[in-house]
Amino acid sequence: MKTENQRAWLLVLPVLVLVAFNALIPMMTVVNYSVQETFGDNLFFWQGLDWYEQILRSERFHAALGRQFLFTGLILVIEVPLGIAIALSMPRQGLWVPVCLVLMALPMLIPWNVVGAMWNIFTLPDIGLLGYFLNHTLGINYDMTQDPLAAWITIVTMDVWHWTSLVVLLAYAGLVSIPDAYYQAAKIDGASNWAVFRFIQLPKMKTVLTIAILLRFMDSFNIYTEPFVLTGGGPGNSTTLLSIDLVKMALGQFDLGPAAAMSLIYFAITLGVSWLFYTLMTKDDLN
Amino acid sequence: MQKRSIIPIVYILFLLLPIYWLVAMSFKTTNEILAGFSLFPQTFTWDNYRTIFTDPTWYWGYINSIIYVSINTVLSVLVALPAAYAFSRYRFLGDKHLFFWLLTNRMAPAAVFALPFFQLYSAVGLFDTHIAVALAHCLFNIPLAVWILEGFMSSVPKELDETAFVDGYSFPRFFTTIFIPSIKAGVGVAAFFCFMFSWVELLLAKTLTAVEAKPIAATMTKTASSAGYELGLLAAAGTLTIIPGAIVIYFVRNYIAKGFAMGRV
């Protein structure tokens, strides 16, 4: 059991100071912008909640939010089951285990803009490996700068390539922690593969899968660099996800007020959905 | 068993294909790339790499990135160690709220913070320094380091602490000579993650730098737009950004599965 000790605050203090410096000051700046109007020259006028109302009613925001939920939904539906399936089929011990794990972790260590650039040259219709293969070997007309569907398939595939390994590694860590005795007991009872998965492996992976789903949700919901480098939000606005739209508004058009209001709404949605996921997934533990 | 191993093999091949293409392209001349499709480099060349290693604007990009990533990793782990100990061993006023608040900083989209960060670091006179990027990356790396270390520390039995204090160890001496060595793996994993997320992040690093501390990723995007479309050079620069990560991951290969589980299995 943990002991009560208020002096523990001293141990936390350095972390608190550093994170607060980086989190609270910029956050207050954003809050400040979100309730004011500026015409440049550091002149600000009180605007109240107008920007919030404007964003919440804007078609553009609804469309970007819709695309963002579609993207994140697809990512979770594909990456989580795929990651679990790969983890289940990996060997539990032996020389190949570290080799597999290192190779699988490799995509996660590549800077995000390089990931975007890499997939860009990989999918160029006439000179990229994938683009050439699809267009010239299979004869499919594939060009993601023209076709919104192709652009969507490409950014989803890219994210699956980039992040499925996170789910694999987490699920695998959960699997190797299951003692052999559990499997022997299941064998004696004549349990089917499905029963072993449903009643032994899945419950044992629950904690790590919660972490995996939460991390994948947060990171895919906030994704910016990779799709921006790959498609630039196009063709048209078809792959303009929330962050891309936000940066367009804040830095491209310099609409600071609406952009700040949008930032805070965006943050609130991320926070709310994360909290919902977390509560739903840990509900059983409390009962 | 043999049939099952097909799945990981196919998956790894899928992961390696785009990487292969990047590496293959880095050994081609720009002319060859634009002339048409070739599976292997026809006129094998080191020129792209030679350009990067002889041009200061290129190789300083790598040095800058490594400097701020290293500062950030050391700083994040150093301050996270005592904090994680506090969270894993003690109850104190507001501990749960504080822990949750730390984690919420990972949820804030970096795009939200780009402009305010620029203003903040300009105001304190740190704009375009390695320290600025290292400090800014603390926003998401410190919470992560605390989270990972707390997981590893909680699996160390409390009796270790109690025995040490009975034996007359002071807290700082116990912490540095007994406790930290017993969670070496956790420290390695936390450092790995800080390195990784600081290395791959670009938006803040680009926003906070101009010339002196410009990261390699920014050099790349600038080249892509200004010098026409030098695909070979871009591919070589991209290939070189994979290497530091690959080296670091080699050191933690045995802990990597547990590390990704944040010590929570």
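Glycine residues also receive a Cβ, built from the backbone N, Cα and C atoms like all the rest.
Copied from TrEMBL, the annotated features are:
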TRANSMEM  B:7-27  transmembrane segment
DOMAIN    B:62-252  domain 'ABC transmembrane type-1'
TRANSMEM  B:66-87  transmembrane segment
TRANSMEM  B:99-118  transmembrane segment
TRANSMEM  B:130-153  transmembrane segment
TRANSMEM  B:174-200  transmembrane segment
TRANSMEM  B:231-252  transmembrane segment
- Task: Output the single range from B:7-27, B:66-87, B:99-118, B:174-200, B:231-252 maximising the number of Cβ pairs under 8 Å to the transmembrane segment (B:130-153).
- Result: B:66-87
- Query: Going along the chain, which residues at least six beyond the ends of the transmembrane segment (B:174-200) come within the CB cut-off of under 8 Å?
  - Reply: 65, 68-69, 72-73, 76-77, 80-82, 85, 134, 137, 140-141, 144-145, 148-149, 151-153, 156, 160-161, 164-165, 244-245, 248-249, 251-252, 255-256, 258-259, 263
- Contact set of the transmembrane segment (B:66-87) with the rest of its chain, CB cutoff 8 A exclusive, min separation 6+ beyond the ends, reads 95, 99, 130-131, 133-135, 137-138, 141-142, 144-146, 148-150, 153, 175, 179-180, 187, 190-191, 194-195, 198-199, 205, 213, 215, 244
